[in-house]
Amino acid sequence: MRRYHKMEKIGEGTYGVVYKAQNNHGEICALKKIRVEEEDEGIPSTAIREISLLKELHHPNIVWLRDVIHSEKCLTLVFEYLDQDLKKLLDACDGGLEPTTAKSFLYQILRGISYCHDHRILHRDLKPQNLLINREGVLKLADFGLARAFAIPVRSYTHEVVTLWYRAPDVLMGSKKYSTAVDIWSVGCIFAEMINGVPLFPGISEQDQLKRIFKILGTPNVDSWPQVVNLPAYNPDFCYYEKQAWSSIVPKLNESGIDLISRMLQLDPVQRISAKEALKHDYFKDLHRPSEFLNGVH
């Protein structure tokens, strides 16, 4: 760790503490110190293997993992440093982002996800806090692959409950078959939040989360989602809700935007659009280079 000088603590994420630091060459980076639950066992070798794979991910919309430093009891991941995230930006922009900015960010999120899915790596915990943005308006996904390496804890390093707001209904209902569709659900939730300025499904428990989802998308049944009856938490007595029109949920979205979000936020994971398909959607046909309309992101 002598190569890095800690400058300040910048956050406490799901897995541990994050510091802003400087290396011997004067470059700024982010150090993510991973907390290990099993104090006696040290770092699981599977985790180190998984993390090493992430060093091979190189894409403009993925936060670069520069280095991995591990001792017996501590694992430190060294990432490129970005000083803004989508949550901070949304908090500062009352009423949602400009439509062109939201479109650019969504496209970049999908590019990063498509790349990772092509490499068979899932995120499983996408949320505005781990979508980082630089001063040129380039968006990068952070924490890809960490869920598989360390499992997503119920409570974070600071004992805050890890958010359920972006979690897919199949996962909430106990599905262990994680597929690329779990990330697409999260992206759909983030898309709605960028447009509306508020979270789409701000649940306070797993049950409340499902209820909020069903209130908008309708209560699932065997016809709409054939596999739902096989999920551990499926309850045939779920309160019945009618599906609502997307135009009333995201009124600022145009027709092609509504079509795209409706394909992302399908209850049945099999029916969700893939990242690769989403990138070809009509919604993006008028997209220009990101930097053209992101001069307001600082």
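Note that Cβ sites are derived from N, Cα and C of the backbone, with glycine treated the same way.
Copied over from Swiss-Prot, here are the features:
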type     : residues                                                             : note
DOMAIN   : 4-284                                                                : domain 'Protein kinase'
BINDING  : Ile10, Gly11, Glu12, Gly13, Thr14, Tyr15, Gly16, Val17, Val18, Lys32 : ATP binding site
MOD_RES  : Thr14                                                                : phosphothreonine
MOD_RES  : Tyr15                                                                : phosphotyrosine
ACT_SITE : Asp125                                                               : active site, proton acceptor
MOD_RES  : Thr158                                                               : phosphothreonine
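The local packing around Thr14 (ATP binding site), expressed as other Cβ atoms within 10 Å of its Cβ over all shown chains, amounts to 22. In the structure shown, across all protein chains, Asp125 is the one of the recorded positions Glu12, Asp125 with the greatest number of other Cβ atoms within 10 Å. Rounded to a whole number, the distance between the Cα atoms of Asp125 (active site, proton acceptor) and Val18 (ATP binding site) is 17 Å. In this entry, ATP is bound by Ile10, Gly11, Glu12, Gly13, Thr14, Tyr15, Gly16, Val17, Val18, Lys32, whose most widely separated C-alpha atoms sit 14 angstrom apart. Compared over the binding-site residues Ile10, Val18, the count of CB atoms lying within 10 A of a residue's CB peaks at Val18. For the domain 'Protein kinase' (4-284), the model's pLDDT averages out at 90.
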